[in-house]
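Notes follow once the structure below has been shown.
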Amino acid sequence: MKIAILSRNSKLYSTRRLIEAGRTRGHTVRILDPLRCYMRIAADGFSLHYKGKPITGFDAVIPRIGASVTRYGTAVLRQLEFMGTYTPNPSDAILRSRDKLRAHQLLASQGIDMPVTVFGDNPDDTQDLLSMLGPPPHVVKLNEGAQGAGVILTEKASASRGVVEALRGLYANFIVQEFIGEAEGADLRCFVVGDRVVAAMRRQAADGDFRSNLHLGGTAAMAEASPQEQDVAVRSARALGLAVAGVDLIRSQRGPLVLEVNSTPGLEGVEGVCGVDVAGTIIQHLEQAIR
């Protein structure tokens, strides 16, 4: 099998592990920087070039597209899809996952529970909008933020209004959510491949923070996801059209709540903490999908 990995940095842990896993299983693996890809689109067919040469013959492509190049990266991925290349995470699924509002609407439409979320535009509606959440604390999130960036905890109603008004002044798109205090700064990252959770880890926020992202100083430990949590994680990935996903849940008094579905989840944390060959499992999924 000939596999392409769309990645801007071949030295990143996740990219290196996917290369290693693919080659260990006897496949040809090539890294393509999406920003060096360019394309021809016409009624007589699709073509893709990379550094002056045509790209052909790939059986599968694994997208490792960073948030900063989402639009161009997904355009390249879409071109490969039209050329008949299989991908576990199609371009439209990645775009769904990176639009928090759209993702939450899709999840809610499938009956998947999450923190109550509100979205509005007019400043005259701010007070009523926030009242739909109940009393603070509230969590304000940039709609396309990633890795904990653009996430603000407001502990007073005046602070919630102030942050909302400031973001509107910057013409930023954002959502506001209820704060789940009983989670105590912890979440559960479930790594989904295909139709199952292959690994799970509990992430704990650093002292003084409520965001559990590891690169922000959070810690992680291997965890066991309950059958209900596994079901929610798999359904969440499926709702967005993803076959490979990191689904972040919090454990609440009303059951597991989905915070986010990540279409480009890092492998270093989960493989290091859980001792699971997640990269190999992804390659196995490709093998099964294109038989």
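Placement of Cβ uses the backbone N, Cα and C atoms for every residue, glycine included.
For the domain 'ATP-grasp' (104-287), the predicted model reports an average pLDDT of 90. According to Swiss-Prot, the feature domain 'ATP-grasp' maps to 104-287, an assignment based on sequence analysis.
In this structure, Asp187 (ATP binding site) is part of a beta strand by DSSP. The ATP binding site annotation in Swiss-Prot covers Lys141, Glu178, Phe179, Asp187, Arg211, Ser212, Asn213 and rests on sequence analysis.
The Mn(2+) 1 binding site annotation in Swiss-Prot covers Asp248, Glu260. In the three-state DSSP reading, Glu260 (Mn(2+) 1 binding site) counts as strand. With a cut-off of 8 Å between CB atoms and residues at least 6 apart in sequence, the same chain places Lys100, Ala103, Val247, Asp248 near Glu260 (Mn(2+) 1 binding site), listed in sequence order.
Sequence annotations record features per position, and here Swiss-Prot assigns Mg(2+) 1 binding site to Asp248, Glu260 based on sequence analysis.
The Mg(2+) 2 binding site feature in Swiss-Prot is assigned to Glu260, Asn262; the stated evidence is sequence analysis. Packing around Asn262 (Mg(2+) 2 binding site) is summarised by its Cβ count: 20 other Cβ atoms lie within 10 angstroms of its Cβ, all protein chains included.
Marked as Mn(2+) 2 binding site by Swiss-Prot on the basis of sequence analysis: Glu260, Asn262.
Note: the Cα of Asp187 (ATP binding site) and the Cα of Asn262 (Mg(2+) 2 binding site) are spaced 14 Å from each other.
Packing around Glu178 (ATP binding site) is summarised by its Cβ count: 20 other Cβ atoms lie within 10 angstroms of its Cβ, all protein chains included. A separation of roughly 15 Å, to the nearest angstrom, links the Cα atoms of Lys141 (ATP binding site) and Asn262 (Mg(2+) 2 binding site).
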